Amino acid sequence: MTKKPIVIGVAGGTGSGKTTVAREIYRKFKDKSILMIEQDAYYKDQTHKTMEERIKTNYDHPLAFDNDLLLEQVQKLLSYEKIEKPVYDYANHTRSKEVITVDPKEVIILEGILILEDERLRDLMDIKLFVDTDADVRIIRRLMRDIEERGRTLDSVIDQYTSVVRPMHLQFVEPTKRYADVIVPEGGQNRVAIDLMVTKIRTILEEKVIL
Ligand code: C5P
């Protein structure tokens, strides 16, 4: 008999450490049955737009994401069907031609800045986390990451942060904290919170109602 997979949502601002929290939980169940879906993979396809238009896009607004596709794919995984997960290309600000085939698993982690914003996604989650890290720490991490890994300049990161990322964080990301079951301070460094989550997931896995 199959049990319904457990869905865990991990939200938090850019640079909050939510990916680290999600990866730490993932690591603990790696030998079992867990998969991770990043909301970033579901940024809307912009291949039809010019590079200039893509650069100007607000990537911190809920409408930047193709949540319909994300929802459809999570529902498939919940029915133990495989999905073709999109791959996002940060350098070109659009979806790449590749897809990754993802097999269903018992535990699904959904991670992203606005993963708790869409009620339809929230309704599928068994546990909702919000990783809460001070804005000064988040901007330092973001600067380092975007320059080292996403090919951005110092000026462009600062400009994007002050004009878009910060206001969108305050308007859309921060308010989703109210939907969280657990607020995790300082993300991936918080061993106690991660251990508590792992214990809780194990308990749900043992208790989960059989379909
Ligand atoms: O990994 P993280 O949660 O920080 O990723 C989300 C961030 O990626 C958003 O704050 C958004 O500004 C940024 N982004 C970007 N360029 C894109 C797509 C997303 O800078 N083309």
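Glycine residues also receive a Cβ, built from the backbone N, Cα and C atoms like all the rest.
All TrEMBL annotations are machine predictions without curation.
According to TrEMBL, the domain 'Phosphoribulokinase/uridine kinase' annotation covers 7-192.
TrEMBL lists GLY12, GLY13, THR14, GLY15, SER16, GLY17, LYS18, THR19 with the feature ATP binding site. Contacts of GLY15 (ATP binding site) defined by a Cβ separation under 8 A and a same-chain sequence distance of 6+ are given as THR133, VAL137, ARG138, ILE139, ILE140, ARG141, ARG142, ARG145, in order along the sequence.
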Pick from THR14, SER16, THR19: which of these binding-site residues has the biggest number of other Cβ atoms within 10 Å of its Cβ?
SER16
What average pLDDT is reported by the model for the domain 'Phosphoribulokinase/uridine kinase' (7-192)?
95
List the binding-site residues GLY13, SER16, GLY17 whose Cβ sits under 6 Å from any atom of ligand 1, in sequence order.
none
When a 10 Å sphere is centred on the Cβ of LYS18 (ATP binding site), how many other Cβ atoms does it contain?
27
Winner by Cβ contact number (other Cβ atoms within 10 Å) across the binding-site residues GLY12, GLY13, GLY17:
GLY12
